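Engineer: Questions regarding the structure given below will be posed in turn.
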Amino acid sequence: MAMSRRLVESPLVVASHNAGKVREIAELIAPFGLEARSAASLDLPEPEETGSSFVENALLKAHAAARATGLPALADDSGLAVSALGGDPGIYSARWAGPTKDFALAMATINHLLGDNPDRSAHFVCALALAWPDGHAETFEGRVDGVLVWPPRGDQGFGYDPMFLGEGAAETFGEMDPAAKHAISHRARAFALLVAACLGG
């Protein structure tokens, strides 16, 4: 197996226009002396997410940002997959919240579609793509399993966090303080793989 490329350059462009995601990634990379610059702060356009998987979409975003800035770029594509809905919303998780990013509406939609179905199992997936301006890229994927609760609980986190209760957890992702979420989340799991491969553990 080929060695992964080491990330030594800073700043790192976080190829996301989602402020919650950018903040979470900035907190995860800070201990490695890396500074995060958000795509929005660099006036980068949001590329069309035309991939058919989380990894494909993360790669699209990372390559676009690395090419535009001449800096290494980290992109995340993540979402919620609900078992009883055939894995939806999946890669369309953000789109279910509509143009105004109304996740309260998206959560209510999921709850409505589930109806009386007792199967509330779901999982979060996070794909991370780290791309360099020369076209090289590394990808990592993390997953966390759990169940959906209704009504949503907590105002920490973002997106679908308030309705997701991780396996063995007493608090939803929306109730956990950020440090607790960072320890077990799908993003943290993908990031741990990236750290081991590209930041020297």
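A Cβ is built for glycine as well, from the same backbone N, Cα and C atoms used for every other residue.
The shown structure was predicted, so the numbers you read here are calculated from the model rather than taken from an experiment.
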Engineer: Write down the one residue from Ser78, Ser83 that Swiss-Prot lists together with Ser16, His17, Asn18, Ala19, Gly20, Lys21, Phe158, Gly159, Tyr160, Asp161, Lys181, His186, Arg187 as binding substrate.
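Structural biologist: Looking at Ser78, Ser83, the one Swiss-Prot places in the substrate site next to Ser16, His17, Asn18, Ala19, Gly20, Lys21, Phe158, Gly159, Tyr160, Asp161, Lys181, His186, Arg187 is Ser78.
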Engineer: Output the one of Glu48, Asp77, Asp161 that, of all these binding-site residues, has the highest number of other Cβ atoms within 10 Å of its Cβ.
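Structural biologist: Top count of Cβ atoms within 10 Å goes to Asp77.
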Engineer: Neighbour count, 10 Å Cβ-Cβ cut-off, for Gly20 (substrate binding site): what number do you get?
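Structural biologist: Gly20 (substrate binding site): 14 neighbouring Cβ atoms within 10 Å.
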Engineer: Which of these binding-site residues has the least crowded Cβ, counting other Cβ atoms within 10 Å: Ser16, Asn18, Ser78?
Structural biologist: Asn18
Engineer: Where does Ser78 (substrate binding site) sit in the DSSP three-state scheme?
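Structural biologist: Strand, per DSSP.
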Engineer: What is the separation, in Å, between the Cα atoms of Asp77 (Mg(2+) binding site) and Asp161 (substrate binding site)?
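Structural biologist: Asp77 (Mg(2+) binding site) and Asp161 (substrate binding site) have their Cα atoms 15 Å apart.
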